[in-house]
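Accompanying notes for the structure given below.
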Amino acid sequence: MTATLIDTHCHIDAYNDPVSVLDQAAARGVQIVAVTEGPGAYRRLRTRLGRREGVHVALGFHPLRVGNVAPYDLARFFRLLPQTSWIGEIGLDFSRSGVATKKQQLKVFEAILSDPQVRTRPLTVHSRGAERETVARLAQAQVNAILHWYTGPLSVVDDALAAGLWFSVNPAMTRSAKIAAVLQRIPAERVLLETDGPYSRCNNRPTVPVDIKTTVRHLAQLWGISSEDAEATISRNQQGLLGRDTTVRSVEPGLGQSD
Ligand SMILES: [Zn+2]
């Protein structure tokens, strides 16, 4: 029996043909967390895909979008929060692309983390160039968060593990020599899967959710176990992530609600 695997971070609205990507995932038993970059994108995607089985539309506020949003967007985020079962993509980006909006990003990130509803839903979090700051804030907020496509220092990996955070691994990460040490540092029981598709690449094309199966094979090799055992480990981790608070799955009826 194969376990249901979840691509915990996929930009489904950025593919040319999202429906065929979703059909392919459904045929292979892969579930998708469809992250969004802002409340407007969340509403559109929720209307389009909200009732589709195996797809969880996540309410996001991307750090690189924070610079050009109106103040009412944050209010809109909080109005939509009760109807979502996943939060993402949120986070901090102090790389060259994000450093100019550092202050606004911190304001938005801290506002989101201070809402108690955020503690009852899994979060998928961006941390490029701001790993230490991101992990410190997640630890303080005591949230159930996944560090997505982590590329930061090893010392921060230890802080993240101590804070009970998860790491989601995509196919591009398994090919990176720089990230090999990070992957070695993370215990198998804290690993989840993602693609960040279509923004990461696999076999010279944009990654699709079913590519998480390739990542499982890489992880199995790294862990020195069979692919079946690696799949079982990740499936257990997914249950651990979702089981921390039962309200995670009971908020679905908010579907289609307007803001
Ligand atoms: Zn992303």
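Every residue gets a Cβ built from N, Cα and C, even glycine.
Per TrEMBL, divalent metal cation 1 binding site is recorded for H9, H11, E89, D196. The C-beta environment of D196 (divalent metal cation 1 binding site), restricted to residues of the same chain at least 6 apart in sequence and closer than 8 Å, consists of H9, C10, H11, H148, W149, N170, A172, T207. Look at D196 (divalent metal cation 1 binding site): DSSP puts it in coil.
Sequence-distant neighbours of H126 (divalent metal cation 2 binding site) (same chain, 6+ residues apart, CB-CB distance under 8 A): H62, P63, E89, I90, G91, L92, D93, T134, H148, W149. Per TrEMBL, the feature divalent metal cation 2 binding site maps to H126, H148.
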Query: Which state, by DSSP, holds H11 (divalent metal cation 1 binding site): helix, strand or coil?
result: coil
Field: For the binding-site residues H9, H148, the one whose C-beta sees the most other C-beta atoms within 10 angstroms
entry: H9
